[in-house]
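A.B. asks: Sharing a structure below in structure tokens format, with a few things to ask.
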Amino acid sequence: MALSSGGMASLRLPLRFLPASFSLSSSRLLFKKPLTFVPRSLMATVASSDADWRRVASGTVPPYSVFTKPIQKSQQDDRDYRIIELSNGLQATLVHDAKADKAAASLDVAVGHLYDPDDMPGLAHFCEHLLFMGTEQFPRENEYSEYLAKNNGASNAYTSTSNTNYYFSVATPALSGALERFAAFFHSPLFSPSCTSRELNAVDSEHKKNHQADMWRIFQLNKHLSKPGHVWSKFGSGNRESLSKAAKDLKAKGLLTESSVLSRPASLAPSPIPSRISSPAPSIASTNSELEADGGAIGRETRRRLVEWWSKEYCASRMRLCIVGKESLDELSDIASTLFSPISNRGRDALPMLPEHPFGPQEKGTLVSVQTIMSFHALEISFPLEYQAPFWKHKPSHFLSHFVGHEGPGSLYSYLKNKGWATSLSSGPQNLARGFSMFKITVHLTEDGFKHYRDVVLASFQYLALLRASKFDAFHQREVAKVSEIRFRFKEKRRPDDYATWISEHMAWPVPKDLLLSAPQITWEWDGEGGEAQVKEYLESFRITDGRVVLMATAAEHAKVASNAAWEKEPWYGTDYRVERFDEQFIKQAQAPNAIPELFLPGPNEFIPTNLDVEKRDVTEPLKRPHLIRETPLSTLWHKKDDRFFVPKAHAMIDFRSAIGNVSPRASVMTKLYSDIVNDSLSEYAYDADLAGLSYNLMSHAGGLFVSINGYNDKLIVLVKHVLEKVKRLDVDPQRLAVMKEQNKREWENFFLGQSYSLSDYFGRYIMTEQQWTLEEKLKELASITPEEVKAHIKQLLSQVHVRTLVTGNIYKDEAIQIAEIAEEGLGISPLSPIELNDRALILPEASNHAWTCPIPNPNQANSALTYYIRYGPIVDQPLRVTAALLTQILSEPAFNVLRTQEQLGYVVHCSAWVLPGASEKGMRIVVQSEKTPGYLEERVEAFLDGMKSTIENMTEEEFAEQKNGLEKKWLEREKNLADETGRFINHINTGHLDFLRKENDAGLLKNVTKDDILKLFLSHVHPASATRSKLSVHMVSQKPRPKKVSAAASQAFETLLREAKVEVDETAWKESLGGDGTPLATDFANYWKQVFASKENAVKLLDAIPELVEKHPVEGEGKDRVHADISYIKDLKEFKASLTPSMDPGPMVQWGDLPVSRF
């Protein structure tokens, strides 16, 4: 496939082409669009003259300049836009949305981790973390997050290579207050010394979370293999050691004393106002963290360097702001100028460029083999490319990716797939940083494809040779341009924080300012300005001698193709790799003209829509739900003709429910394999449809098969017919079945090498689901399944189904009925009722406290995890449902603040509602991933919950009203686009509850909920002392040995020994020397005292006591967990599940009466 753009938090990677097992489904994991530097004095060529700016100065608002030309926007877009520039050089795009019920802002700073000091890798990322820890105006460190949480808001940030982006969303009435808190981060942050050590831990924890993730490991390896001295090689994530080493080196040289730290310039003095509230139930570890919060002299020097860097690099002229709100443009302009003008302009280069490419002669023409943690085979070919932002008009590298990433007949992927070598292929440009780019081709290989990786490389270069030798037909570029224009013309709204982030990043593109919205999205037709010439120029440079090939697989797989290879290690992640140059014979083959007859260029795309008409009727109020327009013994059809968004798009969702699909582990595997084979068989046909904005998705689930088709409605039924024909009548190809089996085997085995919290959640849901098969059970069945068995299985499944169909959008009843009839054709009726085909959860008994413990399979995974589940009860109980939702909201922000920010348990901390399978049962789940043991994590969760009793009791009526108001706004928030609305409808149809107006009705009941209701539910269902609550916890335990640390109790015991032996003790000296969080490594602790005792022979023998004291007084959360008498530890999961009662399915919770008399 050809790839498009996006981003990632908290440290963001450019686009990586890695296996589907990494689940890179979120658009935020795709590559970001580029930035570039165009001084105002040079803007005439890309933007506008000073005549296009108007100065505004009035009253108490600081003056600013307004760009006067209208911003080109989509015909679909009913928002108003304005670009302004403040006197300090900060530029802002203001978006007035009169219909908005959610506001947002994003501020992009044109420095990222490539601008880190050489001796402090990760400093930009550390700055992003610490910046949020309070400001002079709002010193409490969780003031910002708490304000947003009470106003249906959220925030995040990410550090990329050349920029750092901060963003938030909030209910529209609260925008001004949110902006006031947000702006202060950029002109008066505290960088609180009390938070220094904790946020160093947070960065360190984030790095350790990623340490076993191949995506991060390979990304850093590619950076490591840059030409010597290039900034691209920097370690952007950072960890505690990389950020502290410079200060430690000064300390080791005797250059870091208290007076030297204080004498070094630092622009921000510690605030006299405390920025944090301590944990309501502090542990010994968190209390010790309080005492060592600034990290001693090393921590203070690290903070000083951070402040020094921020004071230099965070310059107003480097900042681009976007605000989306309901206020008028004049009001938004005044707010922006008032709140953001205090940011200093430090006279820095507004958009610093990095024009030198990291690929030098030694990096080109090489094969890099890399050992992966997860089991997969992939091959990536990279070519150096100039910075792509200036070529926004014709986007030549995207034009090339249209061909290289094509999946239709004649494509490279089609050839490799038919050879049995590939499971997917993607290509496209990747802007590595502001100044240089890369063009990449990534192929995910089968096991046989890995053995033939050299042939895959040669085939790729044969396809490039074909492109070099071809003359592109006019329709090729015209189609690309036309599709982009249609997409822009009918672009729908999306989440405002996503939109604000997209705009703030793209404000730095070198385009005319009036094309800010259109230039990144539209491709113009070639007009003689060199579009095709540039494409040919790039193709000439895409040679094997100018690129790099990266071959990815496990060590065992690499041994099969290179048994005696010598491996090196990348320094930050320890990734094993080796580099070799291609031999002359291979280079000669790769440079040859195309000799593969199966390769040819794609023909015209028949799926490009031609009928884009939309009937827009004025309605007093849009319909709030779909209507049941057809019902047979075999199916139900729900339909809603769009009356809100008025785009030429539609959605058809078809759920084939059958008990056959999941009746056994083997049946479950066959259902999954069949869906994979159908998808595989459709790839060539459906690719053109996907390019033209019409896509489908077929997936298996516990209840059968689910088909979703969406996009421009013009040719939607054509795709529906073809997809459903394949679903019902596909012959199972033995060769492709073998590929699908291999792919599923890898995916399921790799799952256990993923994040620890994913495993604890997986087992939590497994325990609470009536009928679910473990991956181990599925893996046992996989190998022996035959093509004939799969075909027989799917025939039986389709002979016993009930079909639930939803059709929405620019499509009428008669067309919707046609889709339902196509879906029904050839199917048999299930003997079970629709309610009996719904998923069911299991119910924890009242007054139960269970835990299940499991070791983590990956021996190198340092993190353990806890999933902590509390049952509320049946979702059909509306008062309980509403009260529970409010209680969960009240607990969520404090859980993050206490468990992550204050106690620093780990990077991943989350508290949320948990709706179980079938959506008939609801509870609350707290997830923590940490280097601490899960038993200790559970103790800290329960201490937090115990502390929340007084928090709820002491909550003022005003605070309680704010919480209710925030939840009400969340429930009443309108969908932003047709897909959002359709998603809400299908959720209620799939569950069978049909409660389409639930949020609106619950918001009405919410007004009657009292604080006493919340406290009663908390004390009965959540508080650890409750005699009636139902709780389950899952403990995933890391098997990686941790280096011994010295606890506060152990160090105090050792100091006591020293005093008893009449040895002088300076308590502050050793703590200052070792720095950190007050729990040094036992080896460092022993080495320190060994040096101190060098001249005191009578004290040396005291060193022998250190190991014993470390064992006697372990650091909290390390070692073995305590066994709690009040917890029932599960020994047999199957037996435990069999003891639980299945949930009751309520069936339709509302009788709509759309079809008052059934005809059947």
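Glycine is no exception: its Cβ is also placed from the backbone N, Cα and C atoms.
Curation plays no part in TrEMBL annotations; they are all automatic predictions.
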A.B. asks: Labelled region 'Disordered' by TrEMBL, one stretch among 233-264, 265-296, 393-424, 969-1000. Can you tell me which?
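C.D. replies: Matching range for region 'Disordered': 265-296.
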A.B. asks: Could you pull the average pLDDT for the domain 'Peptidase M16 middle/third' (488-781)?
C.D. replies: 96
A.B. asks: DSSP helix, strand and coil counts for the domain 'Coenzyme PQQ synthesis protein F-like C-terminal lobe' (886-985)?
C.D. replies: 61 helix, 18 strand, 21 coil
A.B. asks: I'd like the per-state residue tally for the domain 'Peptidase M16 N-terminal' (94-229) from DSSP, helix first, then strand, then coil.
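C.D. replies: For that range the per-state counts are 64 helix, 27 strand, 45 coil.
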